[in-house]
């Protein structure tokens, strides 16, 4: 009522100044006080330029003067000074959103929250993780502040741009999250005592003689006992992760699409292991990375792909796409599943470049920080099951590739060398290929080239 009176008086007088408005406010409040015989104080605005300098409490006529300053230096428009003089700013609130996750990824599952409501976070600090078909992506806080609330739940499907959390960035931000309080359980009402049935005096009835009971039936034949199923409380049902779903779908598609066939060979690892043992210290000192066996097989695979380019090709509809580059994927097992990062232009790399690239990609894959771009593409895959102790296996093709090489564990076996039986470090290698595109002859030649280069690495120097 006071505010409407102020604006009504100001509009009638045609005055828009702060001082005129202040007088209107004072006169209207005095009138109200006189009507209700109130002794409450009135507010008077003392303008100074474009700032409200102070408010004073003054008593009504006949009361002693008593004044004190309420606020100093309040700045704003005339409407703000009169409409919201005592409101407090609750602070800025920013919202954390789902980032862009790659060209081929449209959504993901919110896997876990890394913070709780009420926790303080810094700018760019991870507050949640999104699991996609390929990688795990962090959601970062856009600014420093305190998490007020989360707008989604774990397990929800989210898309780029969806809001995930509200974060207060005010200086005195505090958590407004109260501990969950359980509603007091009301005691269950006590059951009322059953109503007593009226007693009825029964008259004695003459008892009839009982009929003779029939003879008991013969015992039935016992059927075979059904097998006891394990109790349900000893089983756990866990939803599949998006990565596991994606792997399952791709492997089944590979099995349904390709004419899978696997051929095997065995490789004598003596010379490659001798080369590694002889130069590993000098290699580490110069390049800052250890010399492993994987780089030797990558170089051998590059040479074999150059000798048999059809293994590096792929069927696309009614066409065959021949790739004039060699991008080799390496299978890396992680706690969350299998990922396959790519070594780009492996045909242009030396041993040191390959080892550095493998170590960097494997570290990112293990830590879950590998990007979508680092796993896209690839023309051929090398999988090393030997690090887990696998003796032999039949790997499955990684679409849209046409072949995959499987390495296995190195085992000392008796071999005939120069007419004598000697122990040799041997490895089985397997090539699974799409028989629609690759004939058995090309597959055998490919594996034979792998065997020749690994058993005699000097071939790489002479290009023979």
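Cβ from N, Cα, C; glycine included.
Listed in Swiss-Prot for this protein:
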- 1-86: transit peptide (TRANSIT)
- 93-168: domain 'Lipoyl-binding' (DOMAIN)
- 134: N6-lipoyllysine (MOD_RES)
- 168-242: region 'Disordered' (REGION)
- 196-210: compositional bias 'Basic and acidic residues' (COMPBIAS)
- 211-220: compositional bias 'Pro residues' (COMPBIAS)
- 435: active site (ACT_SITE)
- 439: active site (ACT_SITE)
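Residue 439 (active site) sits 32 Å from the residue listed as 'N6-lipoyllysine', counting Cα to Cα. Residue 134 (N6-lipoyllysine) sits 28 Å from residue 435 (active site), taking the C-alpha atoms as the reference points.
For the residue listed as 'N6-lipoyllysine', the number of other Cβ atoms no farther than 10 Å from its own Cβ, over all displayed protein chains, is 24. Taken through DSSP, the domain 'Lipoyl-binding' (93-168) splits into 0 helix, 38 strand, 38 coil. The 10 Å shell around the Cβ of residue 439 (active site) contains 13 further Cβ atoms across the protein chains shown.
This prediction places the mean pLDDT of the domain 'Lipoyl-binding' (93-168) at 88.
The 10 Å shell around the Cβ of residue 435 (active site) contains 15 further Cβ atoms across the protein chains shown.
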